[in-house]
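The following features are taken from TrEMBL:
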- 90-161: domain 'RRP4 S1' (DOMAIN)
- 183-223: domain 'K Homology' (DOMAIN)
Amino acid sequence: MEREVRGIQLPLSQTQKVRLQKALEQLQSLSLKVNFDASVVVADSISVNHEDGVLKGHGTADLNGEVVATVCGVVERVNKLVYVRALRSRYKPEVGDIVIGRVVEVAQKRWRLEINYSQDAVLMLSSMNMPDGVQRRRTAVDELNMRCIFEENDVVCAEVRGFQHDGLHLQARSRKYGKLTRGQLLRVSPYLVKRQKQHFHHLEEFGIDLILGCNGFIWVGEHIEAKDDMVEDQVNQSDPQVLLPSKNSVSLEEQEKSYTTLETRKYICRAANAIRVLSTLGFNITLEIIKGIIDLSLSLNLDIHDMLGSEFCVLVAEKEAERRSSNKKKR
């Protein structure tokens, strides 16, 4: 289930507008001023030392002997290179990024995924673990069974491997990567998801998993335990080219095990709505804030669909201002 989250104009009453404006002003005053001097808008002059041989990068231009900004953002300097990092821009992949994509094509020895980038990404058959868990060369039988692994419209989690001659390549050489099922895929602006040490989160108290993709795709789904590789190896080691089971051969017991309980589905919807609220307000999406919004909705005994209402959005902004204010006082 995929729903694109965009900045929605909330139907606010006059009182709600005043409260929201006050909360946003408080958040702005609490924001760190580390890069305040480096912030520029279009046509702002950037101070540089021309004697050092400055290299003008993205977001800059030469105007009457001065370096000026062509986009709104923050001035960054790397040795002699000066460029402007735009505040809101398309996703720019970096090696090691955790991304979530949707399969758009099954080609020869590769899948093509849409990852909210200017071009589709490529996941090679040789760049992922096989379902049997055995490290071996890929055979013609594996290529014939590619649709048993991923097919069109499947949601897949992978890692950016790098750029090659035919485009951006991904890899999925770990059990934490692969096909995502029993959950919701949300799409937000990539700048709302910051690169962190950990993008895979398990909300144990709710029984759900959360994956924050650097490309702006976020997955919220039922927690799935990791499979035992040793058992799978013993079963499949005798015949490494064994055909994969088809989807129609799933037993009734396996279908019952894959059923998601109503309580878990409600928590998935609450977490998804929490992300939608953060996207609407333009707040950075982190695990701490998402859990806080879920707890707030539960404490208010709020229905899931009411979380997208104007009053709750204003309340989330006020709570976020209080949280940041209290964190600053503790320092």
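Glycine too: its Cβ is placed from the backbone N, Cα and C atoms.
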Discussion item. Quick test of the contact rule: Cβ under 8 Å, at least six residues beyond the ends. What residues does that give for the domain 'K Homology' (183-223)?
Written reply: 1-5, 87-91, 93-94, 97-102, 115-117, 155, 157, 176, 260, 263-264, 267-272, 275-276, 278-279, 282-287, 290-291, 294
Worksheet, complete the sentence: Looking only at the domain 'K Homology' (183-223), mean pLDDT returns 93
Worksheet item: What are the DSSP helix, strand and coil residue counts for the domain 'RRP4 S1' (90-161)?
Response: 9 helix, 30 strand, 33 coil
